[in-house]
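> Quick one: the structure is below, questions incoming.
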Amino acid sequence: MNPLETEIGGLRMKNPLMLASGIMGSKVHSLNLIARDAGAVVTKSVGVEEREGYRNPTVVNWKCGLINAVGLASPAAKDFAEELKDYTNEAPLLISLYGHSVEEFSDLVDTFDSALPYLHGYELNLSCPHVKGAGLDIGMDLELSAAIVEELKGKTKNPVFAKLSAMHDYLKLAKVLEDAGVDGITISNTLRGMKIDIMSGKPVLSNLSGGVSGPAIKPIALKCVYDLYKEIEVPIVGCGGITSFEDVLEFIMAGARAVQIGSAVYYSRRIFYSLKESLIAFTRARDCTISDLIGIAHS
């Protein structure tokens, strides 16, 4: 028996370790490398049309993680669908979608459902903190967010997940999305922050501010998962600052059925293998499965 197997919204995974959206870019070769050891792969967020994103610098490394403002740079959906036809399918593939309206999200699902028969689901980006009119701006509109979920659930057989931010009333939004039929909630995306170059006296990022990720946001994301577990029935995916198997276990014990790894991949692409092996050793030593540990912090 595989002690790490888990399921979220009908999506069965060999382990609870998912690649978070964005960190590996939009080239399928990079996604295939991660799929060998990951439980699932979430792509970079993509919209209907190609988006150039912000000019450099777009990422800054600081002592507690990363701050990025890439600006949702991505190929057009149709081009990305062609790229993904070379995906090896060693782990379930989910497409991260961003848009500005119900119609845009609907068009995106039409594109990917028709092009990729082996697709396993979608994750709605309702939380990117640095692109006007998309991401967090959509997530702040409860009625629009619910309408997007209802539209997509009415047209695709694939699971639909939503990625939320800790920077707004995530409990209220999660409940609204649950009522709309969402299959799972991922929390949290990056949180707004910035860094200033003391020599020039100017912000380092070209966009001035960006999204903070890495260990600095882990306690915040962990509390979000803990809170949501008490309030919603749909599966929760924890995301934010996970760098060790102990971090993974904390999120699982708080109530997550799976976790996403992002910034840690920046430092080591072997992070999934390392975490997987450590989790296997932990569960075997205690004669338990990952599923046995879900939510035990509430006991």
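Backbone N, Cα and C atoms are what each Cβ position is placed from, and that goes for glycine too.
Per Swiss-Prot, the features are:
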BINDING   S21, K44, S45, N125, K163, G214, G240, G241, G262, S263  FMN binding site
BINDING   K44, N68, A69, V70, G71, L72, N125, N189, T190  substrate binding site
ACT_SITE  C128  active site, nucleophile
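Could you place the listed features in the three-dimensional structure?
In three-state terms derived from DSSP, G240 (FMN binding site) belongs to neither a helical nor a strand segment and is classed as coil. Neighbour count (other Cβ atoms within 10 Å of the Cβ, all protein chains): 32 for G240 (FMN binding site).
Reduced to three states, the DSSP call for G71 (substrate binding site) is coil. When other Cβ atoms within 10 Å of the Cβ of G71 (substrate binding site) are tallied across all protein chains shown, the result is 18.
According to DSSP, C128 (active site, nucleophile) is assigned to coil rather than to any helix or strand. Around C128 (active site, nucleophile), taking its Cβ as the centre, 26 other Cβ atoms fall within 10 Å, counting all chains.
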> Excluding K44, N68, A69, V70, G71, L72, N125, N189, T190, which residues of the same chain place their Cβ within 8 Å of the centroid of the Cβ atoms of the recorded substrate site?
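Leaving out the recorded residues gives G22, S45, C128, H130, V131, G135, G210, G211.
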> Taking the residues K44, N68, A69, V70, G71, L72, N125, N189, T190 listed for substrate, what is the greatest CA to CA distance in Å, to the nearest whole number?
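Result: 16 Å between the two most distant Cα atoms.
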> In the structure shown, which of the binding-site residues S21, N125, T190 has the fewest Cβ neighbours within 10 Å?
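Comparing Cβ neighbours within 10 Å for the binding-site residues S21, N125, T190, S21 has the fewest.
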> Measuring Cα to Cα, how far is C128 (active site, nucleophile) from G240 (FMN binding site) in Å?
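If we compare the Cα positions of C128 (active site, nucleophile) and G240 (FMN binding site), the gap is 13 Å.
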> Cα-Cα separation of G240 (FMN binding site) and G71 (substrate binding site), in Å?
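Taking the Cα atoms only, G240 (FMN binding site) lies 19 Å from G71 (substrate binding site).
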> Of all the binding-site residues here, K44, K163, which one's CB has the most other CB atoms within 10 A?
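Per the Cβ count, the most surrounded site is K163.
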